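Reviewing the structure listed below.
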Amino acid sequence: MSTPVNLDTIRLVPKVLLHDHLDGGLRPQTVIDLARAAGYAGLPHEDADELGRWFAAAADSGSLERYLETFSHTVAVMQTAEALARVAAECVEDLAADGVVYAEIRYAPELFQEQGLTLDRIVAAVQDGFRDGERRAAAEGKRIRIGTLLCAMRQNARSAEIANLAVRYRDSEVVGFDIAGPEAGFPPTRNLDAFEYLRQQNAHFTIHAGEAFGLPSIWEAIQHCGAERLGHGVRIVDDIKVDEDGSVHLGRLASYIRDRRIPLEMCPSSNLQTGAAKSIAEHPIGLLAKLRFRVTVNTDNRLMSHCSMSSEFAALHEAFGYGWADMQWFAVNAMKSAFIGFDERLEIIDDVIKPGYAALLE
Ligand SMILES: O=c1[nH]cnc2c1ncn2[C@H]1C[C@H](O)[C@@H](CO)O1
Ligand SMILES: [Zn+2]
């Protein structure tokens, strides 16, 4: 008899996460503890359950700009090395408990300098926290590896500096770079010098594109900036036409992205909140997966979007009927698209992912 697909069983299979923001994944109780320690009086609630609900409701705003406003609270309580290390370690524990075996976690170091931390101190504190979290997970019998992506914020002008930081820490598990923040009005081409530098250094980067803004943003990210992956990329459906008889026509950009196997870091729940999709059932992930784009499933912000990798898959199972074979396909897609070395990716696919699904697929 096949194992039923539900939240509890999904939590047990190996999952791979490429798009998750450190400052979007704090435990509500940790936000409260850190706010007290920092003397931050701006939280809307002092009770963890109420605060968790507040984040999800406030982020459920219909616009990326308003979604991003909720980060002022998490960023405010992450201004010391101790706070950053705690948040990083707990992030790893939470992902491991959810059955994630490999994750790339991203954050913008430039946001954590309000009390004078240097960029190097920030990166060192977060890396210490991640290693600590990996050890704690291992002590619980859970194997998980974390790679870090450093983000520069679109609205600031520090991308060259942050790209340089990412390259300097590439041998300490910083595996890549990203551009985040409000999309409209801040095209990725404002950061061309950073992308050029990264390419010269043989370094990896992804770009948030095609979330709040459409095809021009995706086109710039891929063809001007040279992004290897797309953060979200949902609006690529604007370049796909499905006729009434079901025949499908891809435009040149959509064809290019599918032909080149460019990974799409899709985050369904987050997209509902920012207005990039109306419902999970209508989310472009269904069409894109059917057309065999290199689709991956991600959380974006577990606190604001009130989700986990398992809850995202449970919602997709409900909407599209995805089963274990589909989940393995998503996990392998994500692992193929990770920014660590080919041999390391292959090892996780062969030694962790495939054995994890084998019994379910018999
Ligand atoms: O989905 C997103 N789009 C653009 N920017 C985002 C998204 N989620 C989080 N961010 C921003 C807010 C964080 O402070 C920053 C770095 O993690 O990235
Ligand atoms: Zn994001």
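Even glycines carry a Cβ here, placed using N, Cα and C.
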Would you identify which residue of ASP120, ASP300, ASP326, ASP343 TrEMBL lists as part of the Zn(2+) site it also attributes to HIS19, HIS21, HIS208?
ASP300
Additional residues around Zn(2+), ordered along the sequence, whose Cβ is within 8 Å of the centroid of HIS19, HIS21, HIS208, ASP300:
ASP20, GLY24, ARG106, ASP178, ALA180, GLY231, HIS232, GLU265, CYS267, SER270, ASN298, ASN301
Looking only at Cβ atoms, how many others are within 10 Å of the one on GLU211 (active site, proton donor)?
26
Alpha-carbon spacing, HIS21 (Zn(2+) binding site) to GLY181 (substrate binding site), which is rounded to whole Å:
11
Of HIS208, GLU211, HIS232, ASP300, which is closest to GLY181 (substrate binding site) if I measure between C-alpha atoms? They're all recorded positions.
HIS208
Could you state the CA-to-CA distance between ASP23 (substrate binding site) and HIS208 (Zn(2+) binding site) to the nearest Å?
16
Counting other CB atoms within 10 A of each CB, which of the binding-site residues ASP23, ASP300 comes out lowest?
ASP23
